[in-house]
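**Q** Structure incoming, see below.
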Amino acid sequence: MANHTMFPYKLYLVISAEACKGRNYLQVAEQAIAGGVEIIQLREKTLDTETFTERALRLKEITERYNVPLIINDNVAVANAVDAFGIHVGNSDMPPTEIRTKWGNQLQIGYSIEYLSQLDTAETATADHLGISPIFSTATKTDTVTEWGLEGLQKIRSLTDKPLIAIGNVNKSNAAAIIQAGADCIAVVSAICAADNPEKAAYELRRCLL
Ligand code: TZP
Ligand code: MG
């Protein structure tokens, strides 16, 4: 079983063009990295594979320059096409066991936990890190199941050694408490993508996690 201390990233940006409110997602990503974001996921829910791949390749030019790992949401074809660091999947995507069987250890696999019962499955055992989805309910993603809260996070922490990434309405007022409750990393969309100054927003969030 992976040891959660092996996940060295504390501030994880989940980005899409839409979340950046008309600004260029590449610029927002670069500013976020300057502020202290350590790992980035490109999450585009409506693009075909070709367009998603083009956007991912452009983002990868930036993440590579700064040695920041790039994760692709949902679409394994895109993740493989751009030689991403990882793929993030949920319950309606290709299961981690299938990804591992087909592509071995090429991709780090993130897997969203929405039900406690998932912890006892081969999918969770196969994943490299787990998303606590959502830690708090959020307007950014409304089709969610369980709002875990800090207690839910603590419960999951007691049941697994996998790295835990908390996502959902995370901001500088709750980030430190989330780490204290057992998360290894916090992931945000709007706290950085929708901020007036993404670099400053990232810097302030990262400072909460020392
Ligand atoms: N998965 C669970 S909550 C969420 C995702 C992708 C959205 C988080 O967005 P925000 O704006 O950081 O609350
Ligand atoms: Mg998904």
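Going from the start of the chain as shown, residues are counted 1 onward.
The backbone N, Cα and C atoms fix where each Cβ goes, glycine too.
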**Q** Among Asn73, Asn75, Asn169, which residue does TrEMBL annotate as binding 4-amino-2-methyl-5-(diphosphooxymethyl)pyrimidine at the site that also has Gln41, Leu42, Arg43, Glu44, Lys45, Ser112, Lys141?
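**A** My reading of TrEMBL gives Asn73 as the candidate in that site.
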**Q** Please average pLDDT over the domain 'Thiamine phosphate synthase/TenI' (11-192) for the predicted structure.
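**A** Result for the domain 'Thiamine phosphate synthase/TenI' (11-192): average pLDDT 97.
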**Q** Give the distance between the Cα atoms of Leu42 (4-amino-2-methyl-5-(diphosphooxymethyl)pyrimidine binding site) and Asp74 (Mg(2+) binding site), rounded to the nearest whole Å.
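**A** Spelling it out, the Cα of Leu42 (4-amino-2-methyl-5-(diphosphooxymethyl)pyrimidine binding site) and the Cα of Asp74 (Mg(2+) binding site) are 10 Å apart.
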**Q** Rank the binding-site residues Arg43, Lys141 by the number of other Cβ atoms within 10 Å of each Cβ and report the first-ranked residue.
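**A** Ranked by Cβ atoms within 10 Å, first place goes to Arg43.
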**Q** Between Asp93 (Mg(2+) binding site) and Gln41 (4-amino-2-methyl-5-(diphosphooxymethyl)pyrimidine binding site), how far is it from one CA atom to the other, in Å?
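**A** One finds 16 Å between the Cα atoms of these residues.
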**Q** If you measure Ser112 (4-amino-2-methyl-5-(diphosphooxymethyl)pyrimidine binding site) to Asp74 (Mg(2+) binding site) at Cα, how many Å is it?
**A** 11
**Q** Tell me the coarse DSSP state (helix, strand, coil) of Arg43 (4-amino-2-methyl-5-(diphosphooxymethyl)pyrimidine binding site).
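**A** In three-state terms, Arg43 (4-amino-2-methyl-5-(diphosphooxymethyl)pyrimidine binding site) counts as coil.
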